[in-house]
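*Asks:* What follows is a structure written as structure tokens; I'll ask about it next.
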């Protein structure tokens, strides 16, 4: 015989809480901008990442173009990492240090780093 684990009249739906007042989406606590992407990883937990801003999108595109012209590769994730590392740097030397620290295996030439710095700066001020 099968044993019943729920009390009579308990359907299991009682555990689900009611909607907040108003029941409108967005009326509860804000969880983010609503612009994000779910990144599933083969190792580790899934994460939600914010989508890049318009400036970041343009900078990533320009850095990806530079990667192709200097190294013969297209890699938007590498370009995005480079933009993330460089967007708050005040000069090309700070960018070079950040790139060496995080992406030192690539051994980017100084001329390339300077061009990346320029691409990020152009995107910041809206020069596309």
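For all residues, glycine too, the Cβ spot is worked out from N, Cα and C.
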*Asks:* Identify the region 'Disordered' range according to TrEMBL, selecting from 1-52, 53-104.
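*Replies:* Within the set 1-52, 53-104, TrEMBL attaches region 'Disordered' to 1-52.
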*Asks:* For the domain 'GIPC GH2' (34-123), report the average pLDDT of the model, please.
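*Replies:* The predicted confidence over the domain 'GIPC GH2' (34-123), as a mean pLDDT, is 89.
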